Each structure stands twice: as structure tokens, then as C-alpha cells.
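*Asks:* Pasting the feature list from Swiss-Prot:
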type    : residues                      : note
BINDING : ARG90, GLY128, THR129, ARG130 : phosphate binding site
Amino acid sequence: MTDTIRADGRTADQLRPVTIERAWNRKAEGSALVSFGGTRVLCTASFTNGVPRWMSGKGRGWVTAEYAMLPRSTNDRMDRESVKGRIGGRTHEISRLIGRSLRAVVDMKALGENTIVLDCDVLQADGGTRTAAITGAYVALADALEWGREHRFIGQKAAPLLDSVSAVSVGIVDGSPMLDLAYTEDVRAETDMNVVVTGRGLFVEVQGTAEGAPFDRSELNGLLDLALAGTTALVAVQSAALAAPAPGCEG
């Protein structure tokens, strides 16, 4: 499998170059600009003291997310969904996926009655925007939680962050299992999966579809192994980003 050379020069089991730049938005309590090759997503975390009315008085916090693509993040300009007057099904689906993925690693009781909203805006799309959004949003979330602790909205001894979380795409392209699909690979994939994994290697979500021929159990296991190797590498990128000094927000 590793002998397969892809159009961009990668081997089948190789991630695209991944970078995470923290504090990209100095106004926000947490932010990260994440790049997976040509895919770039700005993830912004907004910390609010208080929770939605339906959660008030329960002593628990809330983490949610919104996903959007800029009009010229793709080859041809598309209208903003706000101009169309409705949010598309794909946008709803991805927003909910990001929110679920982040909530999987947050202790809502330790968070207290506080709300964190993650806005994930795709600046440039070249495949894997939802997986990049999850990977970058975790870093923005971690910084927002630290901001909440520093400003005494979260207890000094509380530990709301249970683990890290990252995500990657895998698929079968031209008969070969591949990691982290670029757009030109994604549109040709016979099987396409998005896999969300915690830092400890536990699965949060597996979204898999046979676009062409159905896949068997051994192919599924191979793709999951490929995804686990990819997310292990992504955890290292996240950890390095969070260990590096970053300027604080202005808020």
C-alpha cells in the first residue's frame, strides 16, 4: 500500500502537510487556522458565561458548533446560505458532527454553566473540510477553556477537557486504500469515510459510504487502521500547537 504514489507525490498512507496556527483571531477566546494541504479552515471559539434556557439550573455547560463555506472557497463562487435564506442539509449535518465530536471529550459538569460555540469557516476547500474543522476546532476549544479558567468562569481544579479529538478521511481510490483524500481523490473514491477519534484511540464517529462497489469487513478494518494511524499523527500536531506560546485574545 505504501508503494502507491498519488498525484501530489504522497504515499497511500501519508497525510497532506498539516499545520495549526493558534490565536489567528485575536478577538476570540480561542481560535486556530488549520491547514490540510490546500484545505484551510478558520476555527473560532466563543466563550459565554451562561447556557441556553433549556439547560439553565442544571449545573452543566454546553458546546456546539456551526460550519460554513466562504463563497469562493471552491473553484466556482457559490452564494452565501444567508442570502439564500436557508441553511442546507450538508451544512446542518457537518455542524452537528463537529459539535458531537467536541462534546465527546468535554465534561459538561466540569465546564459549569458556560457555553462555547465553535464557528468553523472554510476559507479554501480541497477535500476533508469537516475533518480539518474538527481537528482545528479542538485546539480552539482547548484555548477557550483555558481562557475560562483564567477568568474564573471555570473552577481552578476543574478538568472539563477529558481527551483530545481529531478526524481524518480515508477511502479506496482506484482500488487502493488511501489516507486524507484531496478533492480530486474524493470525487473518484469507490469508498469514502470520515473517522473521528479521541487521543486515546477511541472512535467517536465513523461515516462510511460505498460510492461504487460495496466493501467487505477486511477492507473496513484496513481503512480504520489507516485512519487511526492518521489521527495519531494529528494528535502530535495538535499537542505541538498547544505547547507553543500563543498570543492571548483581546477580549
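Quick reminder: no glycine exception, Cβ is built from N, Cα and C everywhere.
Worth saying up front: this structure is predicted, and the values here are computed from it rather than measured.
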*Asks:* Looking only at DSSP and grouping its letters into three states, which state does ARG90 (phosphate binding site) belong to?
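*Replies:* Once the DSSP labels are grouped into three classes, ARG90 (phosphate binding site) ends up as helix.
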*Asks:* To see if you understand the setup: which same-chain residues, six or more apart in sequence, place their Cβ under 8 Å from that of GLY128 (phosphate binding site)?
*Replies:* PHE36, THR39, VAL168, SER169, ASP180, LEU181, ALA182, ASP186, ASN194
*Asks:* What three-state secondary structure does DSSP assign to ARG130 (phosphate binding site)?
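*Replies:* ARG130 (phosphate binding site) sits in a helix per DSSP.
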*Asks:* Would you measure the largest Cα separation among ARG90, GLY128, THR129, ARG130 for the phosphate site and round it to whole Å?
*Replies:* 14
*Asks:* Measure from the Cβ of THR129 (phosphate binding site) and count the other Cβ atoms within 10 Å, all protein chains considered.
*Replies:* 24
*Asks:* Could you tally the C-beta atoms, other than its own, that fall within 10 angstroms of the C-beta of ARG130 (phosphate binding site)?
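*Replies:* Summing over all protein chains shown, ARG130 (phosphate binding site) has 24 other Cβ atoms within 10 Å.
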*Asks:* Do any residues at least six apart in sequence from ARG90 (phosphate binding site), in the same chain, have a Cβ closer than 8 Å to its Cβ, and if so which, in order?
*Replies:* none
